[in-house]
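For reference, the structure is listed below as structure tokens.
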């Protein structure tokens, strides 16, 4: 009897001690008593090993379906050959250990689980050169049949071979290669979520207000081997983008074209005036300032120069040639030492060498220019008449010399005009041919 009473007292004491713990446990676990998602999470995580590839038969390859949608082109760095894009990346695979019967869990057919608690394939982008500022998405969706969907946005900073020769009408093609860094094709294989046709023309999420326009996304599946022993699967996406040239056309091409047109118009100024020289020097200085301003706008690489840079250099050379031609024409017209209608060797012999080759006395030269013969001993006049005759002869020689100089100046001026027109036509043909060639090339690139 005493023993029974002692046991009852001990039981009462134990219950009194455990009563607060039972009350706490009832309050704490009572919140999750009917929580289906908690029960499902506990069911899926029980005995799950995230470090093991989720297949029951190790011979079964895990098929990872991937998809890519370009959201925005953030930056194209021609100098460092780097492309920065913001993409929506999607991948899905079947996890054979994350399977349940929806009837046992209130018809729950999908649940979100922490990414850190499930197995995730080690699929990376080969062209990665920098870690982008991508948001962290800590969850994945899992369906009742084991399909795991991992959707996330990624800021991709990748290396890309950029060809700027056609700038600003260039089209760039950059690749994003997705592959498992470690697992061979026997463990992880890659496929597309959608058909290549739908992937190619999908621009539904692309922000189309920037400098670059998304043309299409091409996909290509490939199996390769490094050592001819282990084979790997890769999926390569080719992102094809085109630059919108309107900004560069307005700010680079049109000012240069206007300056070249003004240079052509400058040929209509008289060649014997100094205004044309001043005008062309002003144009040359203005074009130099223009090139200094636009130098920071042109893309620069160590492997090539855009064609528009060559265009600017050629335009500068044409302006220099135009100024040189103008200076020569003006100088030759004023010095009267050019005779274009006659061959050069004839001008040299007739106009320069012949008058200097004769050795006459001063009197003979003076009289020769007047067209008179020197007085002889038979024509001796009185001193007064002789002086009058010499004065009249001198006046007549001066007037004839002045008329001859005026005629020569008029002839040289005409020669200058003829040469100027001829050189202007040659210059104009060169500019038109050059412009047509560049325009055709840029038009073809724009259409392509």
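Every residue number used here counts from 1 along the chain in the order it is shown.
Cβ coordinates come from backbone N, Cα and C, glycine included.
As stated in TrEMBL, the feature transmembrane segment covers range 308-330 out of the listed 193-215, 216-238, 308-330.
Between the listed ranges 398-421, 422-445, TrEMBL ties the annotation transmembrane segment to 422-445. When Cβ-Cβ distances below 8 Å are used as the criterion, the transmembrane segment (308-330) is approached by residues 167-168, 248, 252-253, 256, 259-260, 263, 266-267, 271-274, 276-277, 280-281, 283-284, 287-288, 291, 294, 298, 416, 419-420, 423, 427, 430-431, 434, 438 of the same chain, each at least six residues removed from its ends.
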